């Protein structure tokens, strides 16, 4: 029997037919064969006997009542059967989707396809799912609050009133209000997920008192020149004062070519004296975890009940606890209610700093989330709204994260900021 996944709501019919065209044809052929068999097995009508109405008319009253009771019992059985069938169908659907995703990840790990396809599909799907859930009931709500606090502080630290901001991989526009508080004059957001950009536009139109221009564009920030994406938007005021990238830069380190294209996009978009800042996985924390895993483990992994990191091979351990290359060191990252086993890439920070220097940028800041938060929170606690302060409060009355959320929030990520000091000559 041909198993065919249902079309996701965010996928167009054309994309669905392109991806599963061969399966659709097999399914149609199977359906026709099944209908032919059913037709052949169907009993022919007998000319002898009574019609349904005539049979009911001949029944006595007690027989009709018994038939009603039996009918209700049968209906209940059918309802239970239908419910079980629905559950089976959902389980089967989930299994098929997981198999397809596993296949896509394997293809990415073997470099048959690049990571863009998997990333775009994941964030299109997450955008749809997020509409159905109230984030206030998220199991990682404290982690989200902590990450937002880090971004608020970073934005305030490097952004000035009147600045023009370019955000790479802007997602659903979650930082629009943060930039509003900084008093910027223009925000240019670019993201590879068209569903995320659509949601960002809705968010922007629903906001009040945002006194700056917002331009949202679907485009590839890492794989191609930004000129391709922004050429239809002459209102963009390049060069910018700020380029920001939050929790997404790791996708650029799939290859050296991508990492260099990303940095070229940054320096071409940025004024001399402007800042490039963001948040990335902390390569030193990843090394610390990997160093504790023996070479005998083929697929090193670690995590807890809300997050998990899994490498596709143990080349790091075989190479004397060093990554064989600064690029293409893939792992899958799962975070409860946020990231569903999406391929990501290690950003060895010294390699990142060296490349940035080559492109005319000097390092201004690099601190892990925990260190950065501990240093900055005394100056910020009274600047946050009461709701934000409450969202950051731990069970001991202090501010930050605790329990299972602490590792993926406070230790897995680091902040960075570079300042452009000279133009890059290609």
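Just so it is clear, glycine is given a Cβ too, placed from its N, Cα and C backbone atoms.
The annotation in Swiss-Prot ties 151, 191, 220, 246, 251 to S-adenosyl-L-methionine, and of the candidates under consideration, 169, 338, 356, 409, the one tied to the same site is 169. Counting in whole angstrom, residue 413 (site 'mRNA cap binding') lies 11 from residue 246 (S-adenosyl-L-methionine binding site) by their C-alpha atoms. Residue 172 (site 'mRNA cap binding') and residue 147 (mRNA binding site) have their C-alpha atoms 15 Å apart, to the nearest angstrom.
Here nothing among the recorded sites 203, 250, 344 falls inside 10 Å of the CA of residue 151 (S-adenosyl-L-methionine binding site). With respect to their backbone Cα atoms, residue 246 (S-adenosyl-L-methionine binding site) and residue 344 (site 'mRNA cap binding') stand 14 Å from each other. The number of other CB atoms found within 10 A of the CB of residue 178 (site 'mRNA cap binding'), across every protein chain shown, is 17. In this structure, the C-alpha atom of residue 178 (site 'mRNA cap binding') lies 18 angstrom from that of residue 191 (S-adenosyl-L-methionine binding site).
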